[in-house]
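Peer 1: First the structure, then my questions, so here it is.
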Amino acid sequence: MRKKVIAGNWKMNKTLEEGLSLASEVANMAKDEVPADVNLVMCIPYISLAAVSKVINDKVAIGAQNVYQKESGAFTGEISAPMLKSVGVKYVIIGHSERREYFGETNQQLADKVTISLANGLTPLFCCGETLAQREAGIHINFVNAQLTESLFHLSPEDFKKVVIAYEPIWAIGTGVTASDEQAQEMHAKIREHLASKYGAAVADEISILYGGSMKPDNAKGLLACKDIDGGLIGGASLKSRDFIDIAKSY
């Protein structure tokens, strides 16, 4: 049975005080409202990780939004996997489309980040996805497959099974274009098919694949009903406790 995962990505939002308030609200609501088989994750700014980890309960796990690919050293401004682990982090987003676009992160860099995260007991939330131009050119499936191959396929089957994948249809995020349930399911099925080509159908069927294309309370139920969509990587809606919890109740 694949894990159901609803992960919130706060991005660069919320001061420490605001973050503590939101995290407390989510944790308290989750305790009473979210089904036991749904894994809730909040991926929050570095400055709030240690403090928030102390105010949540066992219904919510803490995630980071990035990690550096080395254990330690002279890398000013970076945060390592051992540091994240030391403050209670369980998950880490790797390869978000914004990191790829604004910071030029490459598939090889992301492969290194995945490796070091797993070595330190963190669960990678690995992001992949295509732009509108790539989709319209008909190369979107090959493009996403290449992201997966170059960043994940060096892993052993045992390590690979610890990864959670998030599909981000970049063309449907903040563009006014909406991905239908059918389009989302098609890409998730193609991703699982590609995973099976490397690791076999049994392993591929264990991997949770989240949808990261503007999931909200009003579209979550349809998306989460799709055969190959196991959860969501939530952006804006994760900044409102009620919306985030309502999405988690949509299975």
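Including glycine, each Cβ sits where the backbone N, Cα and C put it.
Annotation source Swiss-Prot lists active site, electrophile at His96, citing sequence analysis. Taken from Swiss-Prot, the feature active site, proton acceptor applies to Glu168, supported by sequence analysis. The substrate binding site annotation in Swiss-Prot covers Asn9, Trp10, Lys11, Gly174, Ser214, Gly235, Gly236 and rests on sequence analysis.
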Peer 1: From the Cα of His96 (active site, electrophile) across to the Cα of Trp10 (substrate binding site), what is the distance in angstrom?
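Peer 2: One finds 13 Å between the Cα atoms of these residues.
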Peer 1: Under a three-state reduction of DSSP output, how is Gly236 (substrate binding site) classified: helix, strand, or coil?
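Peer 2: In three-state terms, Gly236 (substrate binding site) counts as helix.
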Peer 1: If we count other C-beta atoms within 10 Å, could you say which of the binding-site residues Asn9, Ser214 has the fewest?
Peer 2: Ser214
Peer 1: Could you tell me which of these binding-site residues, Gly235, Gly236, has the greatest number of Cβ atoms within 10 Å of its own Cβ?
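Peer 2: Ranked by Cβ atoms within 10 Å, first place goes to Gly235.
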Peer 1: Anything within 10 Å of Glu168 (active site, proton acceptor)? Look among the binding-site residues Asn9, Lys11, Gly235, Gly236, comparing CA atoms, and list what you find.
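Peer 2: So the list reads none.
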Peer 1: Among all chains shown, work out which of the recorded positions Lys11, His96 has the most CB atoms within 10 A of its CB.
Peer 2: His96
